[in-house]
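First the structure, in the form of structure tokens, and then the observations on it.
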Amino acid sequence: MENGRHGDGGEIPENANEHCPGTESESAGKSDACKGCPNQEVCASAPKGPDPDLVAIAERMATVKHKILILSGKGGVGKSTFSAQLSFALAGLDHQVGLLDIDICGPSIPKMLGLEGQDIHQSNVGWSPIYVESNLGVMSIGFMLPHPDEAVIWRGPRKNGLIKKFLKDVDWGELDYLIVDAPPGTSDEHISIVQFLQATGIDGAIVVTTPQEVSLVDVRKEINFCKKVGIRVLGVVENMSGLRQPFMDLKFVTSTEGDATEWAMKYIKEKAPELLSLVACSEVFDSSKGGATRMCLDMGVPFLGKVPLDPQLCRASEEGSSCFSDEQKCRASASALRRIIEKLLSIIRNDSASV
């Protein structure tokens, strides 16, 4: 069946007859207008009416104040790192936070929150999230795999079914924020999460990118996806926006790759000790075309800010810890993330005030 326009009775396939009643109409496949239509048999046998699971999802989500999707056009841009650190930050501000990982084939959230090896428990009120802190609960297919290296080889319907269960069967309780970490791209998972949550109210999406054009090309598609399905873009985050590293943490090598760190540091301490308090900066990715800042201006969406490529943030993600627990060590990334989160919360507060 080919996708097409919408009518009062639901979607109307492009190859449908002229007076098609719509695929969700009670008369779908049965009316006189359906005679001879190539979709007649499918429409007649398909279930009609609203999905009853959407009612269950709406009941679960009634106790969630804000729902934010974290998206990216391309993999490897640090989207899950941002989702994890955003969740840590919100919990650190005494908000009740849930983090839902719907990256079915590549669930990295359990590792990034230090929860590897944890199992989901079920009670009479549903599945219980795994808690990092009393106010930060997490749900991911990663908790359901017999081994962390197990491949998930599922087609769309099975992925969609699990996402639906995460929304209707998990006992999230009362949340201030539900952060949804989605896989890269615009695939089944994205369509499903929008379809399942849209009636309950989605605050919007944050799109994560890196500065170079090869990433921005796909981010533009992600933003257009949001516009087509009616999801507001709360803003774009440019991640890995230049390397920032304290001079003292640098390593030095010779032209033949020999380690010269000890010699170099001794020399600098003797000849130019003032350098030791500096932070070394380097542009890792090409941003000559303006990066995410220019793209946001062109597409009319907010720019939330830049997060540098900080080895300490990478280490925190590997260890499953918050970069905010030692802001002196992660000062380059933690301060940038705080500014972005303050900007995000300001947007959400202004929206709430205008309702």
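For all residues, glycine too, the Cβ spot is worked out from N, Cα and C.
According to TrEMBL, the feature [4Fe-4S] cluster binding site maps to CYS20, CYS34, CYS37, CYS43.
For GLY73, LYS74, GLY75, GLY76, VAL77, GLY78, LYS79, SER80, the entry in TrEMBL reads ATP binding site. The number of other Cβ atoms within 10 Å of the Cβ belonging to GLY76 (ATP binding site), over all protein chains shown, comes to 10.
The region 'Disordered' feature in TrEMBL is assigned to 1-31.
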Just counting, how many other CB atoms are there within 10 A of the CB of LYS74 (ATP binding site)?
19
Between the Cα atoms of GLY76 (ATP binding site) and CYS34 ([4Fe-4S] cluster binding site), what distance do you get, rounded to the nearest Å?
48
Spatially closest candidate among CYS20, CYS34, CYS37, CYS43, the listed binding-site residues, to LYS79 (ATP binding site) (Cα to Cα):
CYS43
Specify the count of other C-beta atoms within 10 Å of the C-beta of GLY75 (ATP binding site).
14
What same-chain residues, at least 6 away in sequence, bring their CB to under 8 Å of the CB of CYS37 ([4Fe-4S] cluster binding site)?
ASN15, ALA16, ASN17, CYS20, CYS43
Return only the integer: C-alpha distance in Å from LYS74 (ATP binding site) to CYS34 ([4Fe-4S] cluster binding site).
42
